[in-house]
Amino acid sequence: MNQSNVCFLDLPDEILLIVLKKLHNMDVLYSLFDINNQRLQMIVKEKTFTNTLTFVLATITDDILSVDDSIVDRFCINILPKIDYNIKSLILESQSMERILLAANYPNLTELKLYNVNDHIVSRHFTVESPFRHIFQEQITDLILVYSRARHILSNNPSEINVYEYTLNVFKNLKHLSVIQCGQLLSIKNLAFTTWSSLNLTKLCIDVFCFDDCFALLDGRLKQLNTFIVRIYYINDELSSVYNMDDLPNMKCFSLRCRCETNQYDTRVLPLLRRMIKLKELTLNIINDERTTLIDGSQINNKILVHMPCLREFIFHISTEVELHHITHHLSNEDIQQTFTNIGYQQVSCILYYMVDSVMCHIFSLPFAFDYLGYIGVEDEDKFFSTQERQSIVLHLLYSIRINEDHILNGIKFKIDQSLIQRGLEKNLIRQIIPLHNKEQLNHLRDIWVWPKNVLKPQPIEDIRQYFGVKIALYFCWLSFYTKALCLPAIYGIYIWYHTGQSQELDDKLFVINAFLNIIWATGFLIFWRRRQAELAYEWNTLDMEQLEETRTTYKGELRRSPVTDKYEPYYPEWKRLLFRCFVTIPMLIINLLLVSFCIVFIIRLQSWIDRQLKAGRLPPLMSLTELFPKVLLALVTTIFDDVYKYVSRWLTDRENYREQRTHDNQIIAKMFACACVNSYLGVFYIAFFTHKYIRLSDQLITIFVIKQFWDHIKEAIIPYIVSNTRLSFLIQLSKKEHTRYTERKDLNDELKRILDQWNTSKQTKLVDDILIDSSFNPRDTIPSFETLSLSQAEIECLQPKWPDLYEDYLELVIQFGYIIFLSTLFPLAAFFSLINNILEIRTDAFKLCMIYQRPFSQRVKDIGHWQKIMEYMIVAAIIVNCIFCSIRGVFRRLVPRLPFAAEIFLLICIEHLLVLFCKIIRSSIENVPYWVRVEKAKMEYRRREALKKLECDALHLKETHCHVNED
């Protein structure tokens, strides 16, 4: 068959029916009904497409709306009158109910589900005068009423419209009635037996006021009732009437939920349950107090299960509070759990919490099927989750929202199972998602962490973790640890600097000692940081963190089903990324590095030329200031390239399009560090290795450690703070001006309204026309309130700059670490200046987080990532660099005068290898994880294995029990 000639209508009826069943029946009817094709008309009139019609839409926030008016019009005019004999069930929104029910006769309609019901709808349509009375009275057997959320206010006021009375008076043949979210509670305890009686009703889902009403409904007035789902808001101590307490053999499914505390479990609830001798499904949610014993598996079995031999499903959540003096021995969760294991119930959990004078016990079936757990031992509900934990939960829920059907919005395709938020961010339908600051906690952090009075105080690491998350807290822990570690090289660096210059022999010895101490210090710092990092990771529960990373929001690619999650996710082939790296990333980085290298070398050579000209007297005295020009130019060039390579690194990594955030971070780190090394170290290494002008090198290092670091603080904190606050102040002033303008317009409109009222009485048409022309009043103008013009907290924080992550902060400090281990032999005060800088750096970074940037989403990490490995490689490079410095400066030749050059090179290589080996031996001889952490991990693993063994044994025992029962 020629594929190009195949038409949809050429398919057999069976295949056409299969294809159309994959679509929503409303779409099929709307698109294909009444087209000029008799064969297709026969198919779409099948009961598959016409038995149940849904005229409502559910929004993301679970609000229910009617379908578009144009769709309703087409159905009412062209479709419903021709298929009404097939329609058995209608799902409607209250506002469009009248149009749809009047559009046809619906001779076979038996089920009606109505959303957004209110008292007006009930009083207008649920009467004998209603145009739908024939359908309501004679046909409807299944009725579900879902009230609008605005009506969900608890009430049993008899003066209100009685929803239930209206319903039962009109719907005479009901077999199933559900009234959902109705704020009016049913109360029939004092009404006559004939009230609320029915011979047909088999299923009832309703809210009642008290337990009396539940007993009244089960006293025989609903003889055929077999499914009863009831929510009670109050369980009274004594019954107000005498009710029929006969058994309920017809009851097959019963659900009782009560949110209030009660002491009537034994006297009211259990006797009611025992009347249901043939019950198959039971749901029970109740809170007990004033008891002398806890409810456990044994009591459940003895007081409920043995009286229900037909029970197949039991879903429950029972809470019990008992005073401590009634408890004869201390109970644990395992003790309560064991009572359920003894009766063969495995899918059960419990929470036992001891308070000052009582104990609270929650027992519930798994999976948890209720929307409220109650008190679980948390004194302050607001502190149960930290703010960063709450926003992490919200973020996860947002990214869990999936498209339920293919859709096109503003020309953008959304595929089924695709993440709505991720697609919206990718296509700029959503501009940003940010967690808002908690003002109380933020002000607390500012008081104890940010302000200058706290410079010498310890950092509130736990508060930082609770508010910003593990990743940021770990950075500040590392920064604090690094700053404290700098005290040692700062002390011996000052000592060496003080004694330098007394004699060449002493200088050489101090040079070698300084280099050796720097290597030992750097190695020890990284080893002990690893151990401290492991302790923090254990305390913060991230030590053995292995999780499936979420797809990055900016990750792009062809949509495919993930083999892991079986959901649609973007897919980007590896070969495309490899091509981009080979032909774009690597060439751009090489060009960038060559360009910055050329500029730096050129400026240094220019400085040397100017120095020679001034020394030779070839430049006039007034030109002596030109020697400052290359220094200023070098600082300017390195600062510009510093910003350029950071931007280029981010852009290239974004274009390489990595799926996981960790891989993305590592690639940015690698690019930034490679560029930063050339930008930061090339100038000083060129001076040290090639020009050998150590006075100029000292000047250059002083510039780096004093002026540049001071400028970095201004650039990172002060300038962004001024810019952000200036912008915000401008917008606030603009908002105030708009408020003033609209206030004046409101006054004008009030005056005009007064004149119009006068005109309505005096008919002074001409006067009003003149006023309308003069005031240029447009009745369509709206007068926003001041609240709509002022800036909310969300609007203010959206205007703040986005937090740029920790790449640049780590990079700045790692480069500083390199200066210390590479060049402090030439500039012993490097560690001292770094120590002073880092004390300020801690507060500067805190200031940025708390005063300038948007609040970042918390992230859980177990270590500082690639930065640890980078610093370890830098130690090896530092050993090589310092050995080369020893050779260039002639240290060995002066210490061993008759040493040949070849022997000197051999000796340097041997020393370098020995030092590298020595550092590796130190690292391998000290465990990365402290002993106590390893012991605690072993304990946890042992408990996990024991619990798994117990679970397997219980499952095997239960299986054997079932086999014996089946054999019997």
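From the backbone N, Cα and C atoms, a Cβ is placed for every residue, glycine too.
Just so you know, TrEMBL annotations are computer predictions that nobody has curated.
The following features are taken from TrEMBL:
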DOMAIN    5-52  domain 'F-box'
TRANSMEM  472-498  transmembrane segment
TRANSMEM  510-529  transmembrane segment
TRANSMEM  578-604  transmembrane segment
TRANSMEM  628-648  transmembrane segment
TRANSMEM  668-689  transmembrane segment
TRANSMEM  813-836  transmembrane segment
TRANSMEM  870-892  transmembrane segment
TRANSMEM  898-918  transmembrane segment
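If one looks beyond the transmembrane segment (668-689) by at least 6 residues along the same chain, the residues whose Cβ comes under 8 Å of a Cβ in the stretch are 585, 589, 592-593, 596-597, 600-601, 603-604, 634, 638, 641-642, 645-646, 648-650, 652-653, 696-697, 700-701, 704, 807-808, 810-811, 814-815, 818-819, 822-823, 826, 865-867, 870, 881, 884-885, 888. Panel annotation: around the transmembrane segment (472-498), residues 458-459, 461-462, 464-465, 510, 513-514, 517-518, 521, 525, 528-529, 532-533, 536, 540, 806, 809-810, 813, 817, 820, 824, 828-832, 834-835, 838-839, 841-842, 845-846, 849, 856, 858, 861, 863-864 of the same chain, lying at least six beyond its termini, place a Cβ under 8 Å from a Cβ of the stretch. Panel annotation: around the transmembrane segment (578-604), residues 630, 633-634, 637-638, 641, 644-645, 648, 652, 655-656, 671, 674-675, 678-679, 682-683, 686-687, 691 of the same chain, lying at least six beyond its termini, place a Cβ under 8 Å from a Cβ of the stretch. Of the candidate ranges 510-529, 813-836, 898-918, 510-529 has the most C-beta pairs within less than 8 angstroms of the transmembrane segment (870-892). On the 0 to 100 pLDDT scale, the domain 'F-box' (5-52) averages 79 in the predicted structure.
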